[in-house]
Amino acid sequence: MKIPRLTDTTLRDGSHAISYSYTVEQTREIVRGLDEASVPVIEVSHGAGLNGSTIQQGFSKTPEYDLIKTAVETAKQAKIASLFVPGIGTSEELKKAVDIGIQAVRVAVHCTEADVTEQYIRLAKELEIEAVGFLMMAHTQPKEVLAEQAKLMESYGADCVYIVDSAGALVPQGVRERVSALKDVLSIDVGFHAHNNLGLAIGNTVAAIESGADQVDGTVRALGAGAGNAPTEVIVATLNKMGINTGISLSHLMDLAEDVVAPIIPSPIVIDRDNLSSGYAGVYNSFLLHVRHAAEKFDLNPTEIMEELGRRQAIAGQEDWIIDVALELADKKKDMAHI
Amino acid sequence: MSKIKAAILGSGNIGTDLMYKILKKDGNIELSLVAGIDPESEGLQRAREAKVETSHEGIKDILADPDIKIVFDATSAKAHMHTAEQLSEAGKMAIDLTPAAIGPYLVPPVNLNEHIEAENVNMVSCAGQATTPLVYAVSRVVPVHYAEMIATVASRAIGPGTRQNVDEFTRTTANSLEKVGGAKTARAIPVFNPAEPPITMANTVYTVIKEKDFDVDAIKKSINDIIYDVADYVPGYRLKSEPIIDYRDTPWGRLPVVVIMNEVEGEGDFFPQYAGNLDIMTASARKVGDLYANHFLQKKGVRQ
């Protein structure tokens, strides 16, 4: 089987789980560990992409450009990438990150809105960096729609298009169908990004690779939004067992996970009730901490908020709907109390 | 009652919806011409059916008629760069619905009087029309250190122009929140949601307050007042729930944030009702046109 390229996004997806609090020192240590382990691509930015430091998402404790600069200076072999969400970031932020030295950008949109990426994928190619299209919340659309959207990204010049299981709601069958559909119509790479809400992050990643995925994502110790991602060190261990030699050092990654990343994690990343209900309802994983905040403020159960967000078909970037839903549920309860 | 003659330049979706809005409630305006470039376009056909004079020669017939005093430009930013000058030379007032922004941003309940003598005004963006009044409602009570707005609109209600230039949309809207809304700094973030059935335009405005003491009730009253003002010309403009104060960690410390959730349902004139984002542009333009027409009539009255 072909050897997939591994992108580690601990320093991007993981920032959701630690409320965007990465420091320069943590970034340096994690990048050094990944780089020494020979991980080829390391993603660094606010969890919501460049310029994501907002009330809606949460403000970065350290300016993300400082973290990106640290990553660029620390990495000896790895490419540094950033996430970019049109509307949150603008061309200006992308240019600035390229000036600092990122060599790849992953342009992320809800999986029906690929045409919004044209301006930025073209800009990335003009700036001579790698451009990856990121089709978020891919569980919401059938494979045909995803293939069509991926084709658009390819036509703008993308070097790869990812199926992104933002809600951790896909099962292996759904992953195989989607990855295969993209492989059938694209001449560029296809990638897969997992979340672990159903305990399938590694299984789905394996399913993607078996279906021909050229690139996959992981986070060290699963440090990502919500239920976390496929742990980078576990992906490498699993691929080793499958006889796929990525050239990445498992022992380096295990040390990094244990000694550097585990101490950063504020509360264990497990499939608790909140994360399972989120994945089951198909809700974006980075909503988790915001949902907990709203549940506490309005004296609600996070699960009922998750379920309603799922019903309303909330997508990435709609953290404001969490308050809206919580207010409505709280009002309903008040009304019930009066009956 | 005498009226001021006006024309719509651009027979696309925005121009067509605007035409229906003016015909429904013409006030001080007499819609005397709809000009496009394609005689077979749906917009011009609809104008003919509505018994409005049409032209498919672009701006030519508008310039030829000295009685046309107000021109709504619903073409494109690029086109408006050229027509703005022609309209100005011909002594016609331009209400610009494109992102060209040659003239000042105009948000009816906020700054109309400031620009009453302007010869070219810009209607900002859909999200700008919807959320600038809300930021202003807070900033007229207490200084707004930072404002952020999230506009969620149905994917189907976002045209190719916006899709190809999201940068422009975010920049323009944020600028309006600062320059017109009164926020010290601002961000604007659009979200295009493809949910079916399509969702109604929903806006969330966050305003960060640094002041230690501020009058929450006065802010809430100010917000309600401005909702009332906008709803006068956009009937589907309303609060989704009462504004709340939420404390958030910000770069300036843990501070109170006024969270305002707003919904804009369209009137369904030409656009579907969920497309409140498009509706608020045309409804605001109609309102601005009517106010300028009224101003012209009064000036005429004084001279007579």
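Just so it is clear, glycine is given a Cβ too, placed from its N, Cα and C backbone atoms.
Curation does not apply to TrEMBL; its annotations are automatic.
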>> Looking at the substrate binding annotation from TrEMBL, with A:Arg12, A:Asp13, A:Ser166, A:Tyr284 already listed, which candidate in A:His193, A:His252 is the matching residue?
In response: A:His193
> Given the recorded positions A:Arg12, A:His16, A:His193, which one has the fewest other C-beta atoms within 10 angstroms of its C-beta?
Replying inline: A:His16
> For A:His195 (Mn(2+) binding site), which residues in the same chain are close in space, meaning a Cβ under 8 Å from its Cβ, but six or more apart along the sequence?
Replying inline: A:Asp165, A:Ser166, A:Ala167, A:Gly168, A:Ala201, A:Gly224, A:Ala225, A:Gly226, A:Ala227, A:Gly228, A:Asn229, A:Gly279, A:Asn285
>> With an 8 Å cut-off on Cβ distance to the A:Asp13, A:His193, A:His195 Cβ center, who else from the chain surrounds the Mn(2+) site?
In response: A:Thr9, A:Val164, A:Asp165, A:Ser166, A:Gly168, A:Ala194, A:Asp217, A:Thr219, A:Gly224, A:Ala225, A:Asn229, A:Asn285
> In whole Å, how far is A:His193 (Mn(2+) binding site) from A:Arg12 (site 'Transition state stabilizer') when you measure between their Cα atoms?
Replying inline: 13
> What residues, ordered by sequence, lie under 8 A Cβ-to-Cβ from A:Asp13 (Mn(2+) binding site) and sit at least six positions away in the same chain?
Replying inline: A:Glu43, A:Gly47, A:Asp217, A:Thr219, A:Leu223, A:Gly224, A:Ala225, A:Asn229
> If you average the pLDDT over the domain 'Pyruvate carboxyltransferase' (A:4-254), what number do you get?
Replying inline: 98
> Between A:His193 (Mn(2+) binding site) and A:His16 (active site, proton acceptor), what is the CA-CA distance rounded to a whole number of Å?
Replying inline: 16
